[in-house]
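Some features that TrEMBL has for this protein:
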type: ACT_SITE; residues: ASP144; note: active site, proton acceptor
type: BINDING; residues: GLY14; note: diphosphate binding site
type: BINDING; residues: ASN114; note: Mg(2+) binding site
type: BINDING; residues: THR142, ILE143, ASP144, MET189, GLY190, ARG191, GLU246; note: substrate binding site
type: DOMAIN; residues: 8-305; note: domain 'Phosphofructokinase'
type: SITE; residues: ASP115; note: site 'Important for catalytic activity and substrate specificity'
type: SITE; residues: LYS141; note: site 'Important for catalytic activity'
Amino acid sequence: MSSKANAIIAQSGGPTTAINSSACGAIEAAMKSDKIGRVYGATNGILGVLQEDIFDISSENPKTISMLKRTPAAAIGSCRYKLKSLEESKEDYERILDVFKAHDIHYFFYIGGNDSMDTADKVNKLASETGYDLTCVGIPKTIDNDLACTDHCPGYGSVAKYVATCAMEAGKDTEALYTTDTCTILEVMGRNAGWIAASAGLARREPEDAPHLIYLPEVAFEYDKFVSDVKGVLNDFKRVFIVAGEGLRDKDGEYITSDTGSFSKDSFGHKQLGGVAETLKDIVEREVGIKARFNKLGTNQRSAMHFASLTDIEESYMCGNAAVEAALSGVSGKMVTLVREDGSDYSCTTGLANLSDVANGEKIVPREFINEAGNGVTDAMLDYVRPLVQGEAPVSINEDGLPVFMRFERKPVDKKLPSYK
């Protein structure tokens with residue numbers, strides 16, 4: 001490795017409110033280091049590496065870089081590209097190595113979720129097996145909060161804050177117009193983990209407050225019990241507000257939407273989920289005989305910078321900083337983790353976990369966070385999530401009264417290799 005080797009930062013998977021804050025933390029730390037030369041961005045994650053589509057972040061205006069911390073989505077560019085095993089896709093791995101060599105890149109920071117850590121792990125192993133001097137550190141990101149080895153994930157606190165607030169606001173709407181719109185169903189993301197749905201429990205401060213019922217993928221969905229739950233709430237409050245995770249399954253492990261055939265698979269082999277709200281709406285109207293409507297927060301829930309958690313944004317930035325510090329100290333093959341410290345007052349530090357331990361793992365909501373009836377959450381869950389939603393992360397406002405977000409100029413780095421096919 002040369003005295004001042006270059007670094008590359010990439011983002012992958014679903015955009016979030018906080019992934020750019022992590023990138024900002026990593027970029028600013030890397031640019032301050034006397035061990036790192038240029039800091040590059042890989043457009044659209046690992047695809048940018050494969051296609052040698054790289055731009056020079058070091059040449060960007062420092063103000064633009066600082067605005068990353070208050071800009072949603074994934075400003076460097078994201079992807080959902082699955083790297084197969086070395087045996088199955090040797091050309092991809094050789095190409096990554098060739099690109100790194102061509103541009104004197106010896107530091108690789110990959111920001112993402114479960115599958116992104118799998119990619120980072122494979123790249124790290126590739127470098128080790130071929131003798132290439134590469135320091136590879138993963139930076140966690142997922143609103144689903146399902147990464148193993150970390151107390152919580154950057155991005156989760158902001159989506160939890162947003163979802164709980166949406167439940168409060170939509171709940172007031174249902175309360176006002178229950179004579180017409182008696183039941184409201186709010187479908188949220190989260191795939192096979194119910195962390196996002198569970199966070200909606202923060203909205204319920206009094207028994208009559210929304211949400212009255214919360215259904216998580218961790219508890220098998222039972223048709224008859226669901227109908228009974230709805231009727232019970234209706235009897236108590238004359239209305240019912242339901243929050244449901246997109247990955248609800250029955251006792252046989254089948255998605256409750258599977259009969260509709262409404263999903264396909266993405267490149268990682270995951271079923272594309274959707275249709276839970278429609279399914280529950282049909283059940284309520286058919287079995288309970290009341291009008292039901294549904295809301296889907298969609299991608300808004302993962303990119304709502306206007307109501308982000310300050311705690312989340314600051315911890316995400318801290319993770320980016322910690323990744324660079326770890327790399328400069330010689331650490332490789334690790335992912336930065338968030339470690340909740342003991343004590344009545346919330347505080348959090350960073351740690352490190354093996355990429356191989358994180359890759360393709362999944363952390364679900366523990367049973368003690370779910371009520372006995374399986375249709376709500378416990379105080380333990382609320383105690384877990386409450387500190388993560390604290391504080392507001394103000395954004396700059398323009399003359400039209402709207403937020404101001406950044407965009408990279410993207411000065412391209414000259415390509416040195418033949419085009420990737």
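Cβ atoms here come from the backbone N, Cα and C positions, even for glycine.
A TrEMBL annotation is a machine prediction, not a hand-curated record.
Structure with TrEMBL features highlighted.
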| residue | record | Cβ within 10 Å |
| --- | --- | --- |
| GLY14 | diphosphate binding site | 20 |
| ASN114 | Mg(2+) binding site | 23 |
| ASP115 | site 'Important for catalytic activity and substrate specificity' | 22 |
| LYS141 | site 'Important for catalytic activity' | 32 |
| THR142 | substrate binding site | 29 |
| ILE143 | substrate binding site | 33 |
| MET189 | substrate binding site | 23 |
| GLY190 | substrate binding site | 30 |
| ARG191 | substrate binding site | 21 |
| GLU246 | substrate binding site | 24 |
In Å, rounded, how far does the Cα of ASP144 (active site, proton acceptor) sit from the Cα of GLY190 (substrate binding site)?
5
Just to be sure I understand the packing, how many Cβ atoms besides its own are within 10 Å of the Cβ of ASP144 (active site, proton acceptor)?
27
By Cα-Cα distance, the member of binding-site residues GLY14, MET189, GLU246 nearest ASP115 (site 'Important for catalytic activity and substrate specificity'):
GLY14
Given GLU246 (substrate binding site) and the residue listed as 'Mg(2+) binding site', what distance in Å do their CA atoms have, once rounded to a whole number?
18
Could you find out if DSSP has THR142 (substrate binding site) as helix, strand or coil?
coil
Integer Å distance between the CA atoms belonging to ILE143 (substrate binding site) and GLY14 (diphosphate binding site):
9
What are the other residues, in sequence order, whose C-beta lies within 8 angstroms of the center of the C-beta atoms of THR142, ILE143, ASP144, MET189, GLY190, ARG191, GLU246 at the substrate site?
GLY14, ASN145, ASP146, VAL188, ALA193, TRP195, ILE196, GLY245, GLY247
Averaged pLDDT, computed only over the residues in the domain 'Phosphofructokinase' (8-305):
93
Across the listed substrate-binding residues, THR142, ILE143, ASP144, MET189, GLY190, ARG191, GLU246, what is the farthest Cα to Cα distance, given in whole Å?
15
Take the C-alpha atoms of LYS141 (site 'Important for catalytic activity') and ASN114 (Mg(2+) binding site) and report the distance between them in angstrom, rounded.
9
For the residue listed as 'Mg(2+) binding site', what is the secondary structure by DSSP, using just helix, strand and coil?
helix
